[in-house]
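What follows is a set of notes on a single structure, which appears directly below.
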Amino acid sequence: MQGLGALFLLLTACLTLKADNVPTLPDIQVQENFNEARIYGKWFNLAVGSTCPWLRRIKNKMSVSTLVLQEGATEAEISVTSTQWRKGVCEEISGVYQKTDIDGKFLYHKSKWNATLESYVVHTNYDEYAIFLTKKFSHRHGPTITAKLYGREPQLRDSLLQEFREVALSVGIPENSIVFMADRGECVPGDREVESTSFARARRAVLPQENEGSGSEPLITGTLKKEDSCQLNYSEGPCLGMQQKYYYNGASMACETFQYGGCLGNGNNFASEKECLQTCRTIAACNLPIVQGPCRAFAELWAFDAAQGKCIQFIYGGCKGNGNKFYSEKECKEYCGVPGDGYEELTRS
């Protein structure tokens, strides 16, 4: 197989793209005297390059993952298990790849998109690194090619990184579509990632200014940014006013109301639910259920439907919802990583 199961997942993302300007795929030669038994075991996916245009859009979300290759249930199969961070959660994905009459070449057929993937082990010394190339053929959308670099350890020699770059370029992958991924460490399936403040701020910044809540200035001064206050408990302050405000509840991942006295307090204090969500919501909200709430307002909003893997419209009642609530389709896609059909496949390594 192109054993590295991640390859087919990247390629299927391009099934929704037109094949305009995609070059004819080159012939690929497998590793000379390929030894299948020696390719088994654990690998780290360290770099990727592809003619699939979606890669450039989501490359900053990709990180080093692990992949284990083993003998399959039959002599004609190879078992593949990939573990990676995706949308803040550690996921484990398993697959089966079919051997061919060429040692080092493997097939995977994705019936949902009527696409066949051909994967090739093109360079490896088995004990240190491996480079895979995968062709994807779609009857509707034409061909794409993806290259991936794997290592037995999370770091490799610079000369091997350069070799991978040269291989990718040689098959028509653009320089700006070659990504050496960040190492966030190994994960255990089901674990949730602790999102750093700087990463969260950078992610939220993708929303254009006109889509963000206007809101008021922070209620306290100093070096603390508004978004850094999101994990604080709400504070009514010492004054005796009765202003309804919103605060972000990290436990429920929702913005809830409280009575603000009118002075002091802290930065977890927002004039509207929209401003609160657009300041404090994290990518974990995309995994929450879609909740209309018990109130009877009629607001047409957007939410991410995890079952369908896309953003959909729903009617929000106006109260007691959660963070999976967006004020435009664009905002939903920016947060939940849905630039187009097939995005989910692309983000899996």
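Placement of Cβ uses the backbone N, Cα and C atoms for every residue, glycine included.
If you look up Swiss-Prot, you'll see 1-19 marked as signal peptide, on the strength of similarity to another entry.
Packing around Lys148 (3-hydroxy-L-kynurenine binding site) is summarised by its Cβ count: 26 other Cβ atoms lie within 10 angstroms of its Cβ, all protein chains included. Under the DSSP three-state reduction, Lys148 (3-hydroxy-L-kynurenine binding site) is assigned to strand. Here Swiss-Prot flags Cys52, Lys110, Lys136, Lys148 as 3-hydroxy-L-kynurenine binding site, drawing on similarity to another entry.
According to Swiss-Prot, the feature N-linked glycosylation site maps to Asn114 (among others).
What Swiss-Prot lists as domain 'BPTI/Kunitz inhibitor 1' is 230-280, and the listing cites sequence analysis.
Annotation comment: Swiss-Prot describes Asn233 (among others) as N-linked glycosylation site. Asn233 (N-linked glycosylation site) is surrounded by 10 other CB atoms, counting those within 10 A of its CB over all protein chains shown. DSSP classifies Asn233 (N-linked glycosylation site) as coil under the three-state reduction.
The site 'Inhibitory (P1) (chymotrypsin, elastase)' feature in Swiss-Prot is assigned to Leu240, Gly241; the stated evidence is similarity to another entry. Applying an 8 A CB threshold to same-chain residues 6+ apart, the list for Gly241 (site 'Inhibitory (P1) (chymotrypsin, elastase)') reads Tyr260, Gly261, Gly262, Cys263.
For 286-336, the entry in Swiss-Prot reads domain 'BPTI/Kunitz inhibitor 2'.
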Next item on the list: Give the three-state DSSP assignment (helix, strand or coil) for Lys136 (3-hydroxy-L-kynurenine binding site).
Entry: strand
Notebook entry, point to check: By the DSSP assignment reduced to helix, strand and coil, which category contains Cys52 (3-hydroxy-L-kynurenine binding site)?
Noted result: coil
Margin query: Just to verify: the residue among Cys52, Leu240 with the fewest other Cβ atoms within 10 Å, which of the recorded positions is it?
Written below: Leu240
Next item on the list: Just give the helix, strand and coil counts over the domain 'BPTI/Kunitz inhibitor 2' (286-336), going by DSSP.
Entry: 10 helix, 15 strand, 26 coil
Item checked: Between Lys148 (3-hydroxy-L-kynurenine binding site) and Asn233 (N-linked glycosylation site), the C-alpha gap once rounded to whole angstrom -> 45
